[in-house]
Amino acid sequence: MTAPTAPSMAAPPAPSMVSRMTALFLRVLTFAFLMVSLVIMTTNTGTIEIGIDEFKVRSKDFYSYRYMLAAIAFGLTYTILQIALTLNHISKRNGAQTSGDGNLVFDFYGDKVVSYILATGAAAAFGATKELKTQLAGLGGDKFFNKGYASASLLLLGFVCTAILSVFSSYALPKKV
């Protein structure tokens with residue numbers, strides 16, 4: 001007598017496909033964090049009251065916030081490029097790399113550079129927001145600075161996702177190069 005066989009199941013995806021899907025998930029998450037951070041920061045305006053005068057402030061009025069916006073734009077550009085490359089790889093299902101080992105080297109260095117840029121952008125925004133909020137306390141700019149904190153926090157989360165991707169690319173590089 002033979003034992004009944006289990007119904008046939010689809011084979012699990014290859015390990016390289018699982019890592020690409022994980023990378024895609026983290027890149028989409030990074031994109032979402034950066035996009036929301038960008039929207040919050042570009043639409044952030046406030047009014048500071050000094051005596052009888054009112055001054056309208058925007059994020060572009062402060063150099064640290066400008067740097068943060070540039071870091072977000074750079075991060076978004078890189079993330080969109082990497083999402084496109086990852087989708088191309090997944091659709092072709094062609095092993096561990098799309099265009100030779102150069103793609104892994106690009107991932108390795110790109111993830112490192114972009115994660116540092118995002119980290120410094122978040123740090124600049126946190127530092128500027130803390131300093132400005134302290135200096136301008138009681139002048140009516142709390143809502144403006146709280147949005148600055150929110151935007152910097154989302155940028156920091158984008159950095160964390162990119163840093164995790166940087167670790168993944170560090171592990172993938174010695175295997176393929």
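Glycine too: its Cβ is placed from the backbone N, Cα and C atoms.
Relative to the membrane, PHE106 and THR129 are recorded by Swiss-Prot on opposite sides. Beyond the ends of the transmembrane segment (154-174), by six or more residues, the same chain brings 19, 22-23, 26-27, 29-30, 33-34, 36-37, 40, 68, 71-72, 75, 79, 96, 104-105, 107-108, 111-112, 114-115, 118-119, 121-122, 125-126 to within a C-beta distance below 8 angstroms of the stretch.
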